[in-house]
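What TrEMBL lists as repeat 'WD' is 78-113, 213-254, 256-297.
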Amino acid sequence: MASSDLANQVILATASYDHTIKIWQAHSGICQRTLKHPESQVNALEITPDRQLLAAAGYQHIRMYDLKSSSEDPVINYEGVTKNVTALGFQEDGKWMFTGGEDCTAKIWDLRSCNLHVSRIFQVSTPVNCACLHPNQAELFVGDQSGVIHIWDVKTEHNEQLIPEPDASIQSIAIDPEGTYMAAVNNKGKAYVWRLSGGTGQTPITLTPARSILAHNNYALKVKFSPDSTMMVTTSADHTARIWKTADFSQMTELSDSSQRWVWDVAFSADSQHVITGSSDNTARLWSVETGEIKREYTGHQKTISAIAFRDVLYQC
């Protein structure tokens, strides 16, 4: 495949407190487009499954930008939200979107019509920080500021609660692509991992505690699993990201740099060999998972990078 075709398959977007979203050429570090997001910071970024749109969650709104267009303005605007939208993601076929927010709700949005509308609402008692959809596309795991993880069956509306550490705000939740592990990190730097079973057909999901890790000595911000399910990455206010082996949850690599500050977001490459981080020093970095070496830096934002969306393709040799 020609390098130009390959580049077109890779989408890297970063959002910043400078009220812009930048689209990058991932392999070169060159910024290709800058999108306007003037009303607020971006709390979460996600690429639609068909790779056509980039969704940005902000204060009291959701914006969607056309990735194939040269326009710097959104093509879809939704204003009917109160407070910050903190979490955003898509059902694998793009039929619906989920969000979580400081209005103490998680919502399911029907995307099959031109007008975004909420089809289901899950109410909790405190602001929602994060949400993650199980690979079975049926259960939404919702983390809130009181330390509760809610497991919401979006079809039956049944829900259960999990409290790994009372009054420790759940900052991020991730489930590995195989549906084997679920992890959550909190504002005390802890990472909790559960082994998952069931969740197919009529069999309910069972969670078995697998590991509790003091992943960071400061506020933990994000957790993600690698596409091959062999690694987990956590990020923190301690200026680092750390990679853990899922075989025994021992630390594998620390990603640190003298100029890096709070690491707000992180994403793995499709081949699980690299991660991209976004930091308060206005810079995104591409790292080698194995060596912890910085391979590329993406500079141009004027303020903190608060969110990343990254989608590339695993090519078979």
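Note that Cβ sites are derived from N, Cα and C of the backbone, with glycine treated the same way.
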Original post:
Which value does the mean pLDDT take for the repeat 'WD' (78-113) in this predicted structure?
Top reply: 94
Subject >> Number of helical, extended and coil residues in the repeat 'WD' (256-297), per DSSP >> reply: 0 helix, 21 strand, 21 coil
